[in-house]
Amino acid sequence: MTIADASKVNHELSSDDDDDVPLSQTLKKRKVASMNSASLQDEAEPYDSDEAISKISKKKTKKIKTEPVQSSSLPSPPAKKSATSKPKKIKKEDGDVKVKTTKKEEQENEKKKREEEEEEDKKAKEEEEEYKWWEKENEDDTIKWVTLKHNGVIFPPPYQPLPSHIKLYYDGKPVDLPPQAEEVAGFFAALLESDHAKNPVFQKNFFNDFLQVLKESGGPLNGIEIKEFSRCDFTKMFDYFQLQKEQKKQLTSQEKKQIRLEREKFEEDYKFCELDGRREQVGNFKVEPPDLFRGRGAHPKTGKLKRRVNPEDIVLNLSKDAPVPPAPEGHKWGEIRHDNTVQWLAMWRENIFNSFKYVRLAANSSLKGQSDYKKFEKARQLKSYIDAIRRDYTRNLKSKVMLERQKAVAIYLIDVFALRAGGEKSEDEADTVGCCSLRYEHVTLKPPNTVIFDFLGKDSIRFYQEVEVDKQVFKNLTIFKRPPKQPGHQLFDRLDPSILNKYLQNYMPGLTAKVFRTYNASKTMQDQLDLIPNKGSVAEKILKYNAANRTVAILCNHQRTVTKGHAQTVEKANNRIQELEWQKIRCKRAILQLDKDLLKKEPKYFEEIDDLTKEDEATIHKRIIDREIEKYQRKFVRENDKRKFEKEELLPESQLKEWLEKVDEKKQEFEKELKTGEVELKSSWNSVEKIKAQVEKLEQRIQTSSIQLKDKEENSQVSLGTSKINYIDPRLSVVFCKKYDVPIEKIFTKTLREKFKWAIESVDENWRF
């Protein structure tokens, strides 16, 4: 919900004290049977007599694609050109002379013409093959495809046992482990110096699973019995893995490139499938390798073994007439299905949560694009019902029935503060919380109407907000926390997401609590973009766009931890800006060397000429020289790596020496400049006008770099990508780019441009969410 919408809802909520205590608490002395009877009667559907809601519930539902919401989001395909129109013939002038051509020239012209025609045909064919699903109407949503062919999945390589002298040690003695157990021990050894390996829960879960695998594989080969984790020493294994890492780093760029090309060639057949005769990209076509589960936050299953997945565990899905991909030698597929009502190509059950993993089409595929489109259209459809929903939950905040009152408060919190619905978690799942699963200790009340939320949300990210709520909502939360409730008790003890979502679907087909987050994120983004003036540089417009995006990310609690390299990145950016400032000062000094009188004529222009101290300039000089030396040293190594790979003669050391001599000349120039205060005039600096033009360019670069640095610092703890990809309708970003003349490449990466191609090609600058 936007800030304006929140204030509107809060204003409309009544603050009367009457009937604050629900009926169930005022009638405690009634018999249990009569209470149950009254409760059933009171909790029956309350909207049968409500004219506005009955109209909504009786309204015949239509397919989302064909239902108009404010304006058509997808324009009709452009009209075809008339087949009868012919190009006008150019009248031959009397002065035109016909040039004779030789037979050879005629053949070359014919060949060139043929090549051009082939190129045009190729382009036309490519355009014809491109499937623009957003220009079509999907008549049957249950059928996902008619034909589907693919090449299966790629399995991780089999385990390679460690060299015979690399062992796990127990009580100081080397242990001969079977390969299956050695692999699992290696998973822990590789993480020995990480935070995971120091986590007692991680250690316990790993050790239990390690002992299980050890038992399954027959136990240690040299008879040493392993009982306690604390007596295990993984150091030798860890050192070996570190050595392997270092050896990989020592590979030349050409060797790395060769490995990458070979891998890409091997993966090529798995990257694409054939869907209804079209070539579509596959997303995750690799089966996850075995490893230790990390999990986010304080996950109770962290450290458990993710077991190796075999072909026998995998179900493939493809057309009946499609060739079945061959299973790896010595194996067979678990099952072959031909289900065209699902989108997945392969699936298997993983052992950590006993849940299914799927191989699906890539984000830029037609099926994924249609799924995204429907999600955002569903959220967009909510705006036709949101006023009625808000009116009803405002009224129900004073309902005599506790369940109705809890539903009203929950929808208020989901709508105003973008809380997730939440649900019960089992003991072996992370203790993450949403609205319906809030407990007594997660909510602190500060009169008159301040609420402090403090809990772990999705992915164990802390949700901490101190907010003001409507007085009636505050009173209800006070009631929900009354004795005998205490820490550990559910706040919404009569409510769960299924009850809430079933209730919401009385308003709109398919409406769930999740749709509110998408709606409020997109609505907030629309409102924020409307406030941006269409002026300034592209960098300034992007800064304002990111500020709008950040507002949404904060609303949705999309946080991230500050990266380890953030401080270093900021320092580098500041150094770069300082160097640009120094270059600008040098230019202005050069101007005065050409015309000293300008200092009196334009004193303001030269105000900053002494902003940098000699120490500042010396530091800048050293940075530039060090960077130049490193650049040439790396260039020398890179060139020789390439020549060595291609078996060419290596560059001599004298070449590096020659490059470094140029750097030394620059160093001497800087030293002289620092001493005299005069700049060595370049040949291009032969006029004041030319140098002033360079100053102007430097000022633009300084401004752009400063804006980018500010943006980076402001977004260091906020994840803009999560809301941009999953919650903000991509058409809003497209409209922003078209309306404000910002290149789409500045907002969407190449991957996102492919994912949201439907949005880029379907709206103009006047589209509204």
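Cβ atoms are placed via backbone N, Cα and C, with glycine included.
Because the structure is a prediction, the values reported are computed rather than measured.
Residue annotated by Swiss-Prot as phosphoserine (from the set Ser14, Ser82, Ser716): Ser14. Residues Ser15, Ser253 are shown; Swiss-Prot lists phosphoserine for one of them, Ser15. For the ranges 294-299, 306-311, 420-425, 696-701, the feature annotated in Swiss-Prot as region 'Interaction with DNA' maps to 420-425. Nearest to Lys458 (site 'Interaction with DNA') in space, judged by Cα atoms and limited to the recorded sites Arg296, Lys375, Asn501, is Arg296.
Most buried of the recorded sites Arg296, Lys375, Lys458, His558, judged by other Cβ atoms within 10 Å, is His558. Of all the recorded positions listed (Trp344, Tyr727), Tyr727 sits in the most crowded Cβ setting, with the most other Cβ atoms within 10 Å. Most buried of the recorded sites Thr432, Asn501, judged by other Cβ atoms within 10 Å, is Thr432. Looking only at Cα atoms, Asn501 (site 'Interaction with DNA') sits nearest to Lys375 among the recorded positions Arg296, Lys375, His558, Tyr727. Between the C-alpha atoms of Arg296 (site 'Interaction with DNA') and Lys375 (site 'Interaction with DNA'), the distance comes to 27 Å.
Between the alpha carbons (Cα) of Trp344 (site 'Interaction with DNA') and Thr432 (site 'Interaction with DNA') lies a span of roughly 29 Å. Nearest in space to Lys375 (site 'Interaction with DNA'), taking C-alpha to C-alpha distance over the recorded positions Thr432, His558, Tyr727, is Tyr727.
Reported as a whole number, the C-alpha separation between His558 (site 'Interaction with DNA') and Tyr727 (active site, O-(3'-phospho-DNA)-tyrosine intermediate) equals 11 Å.
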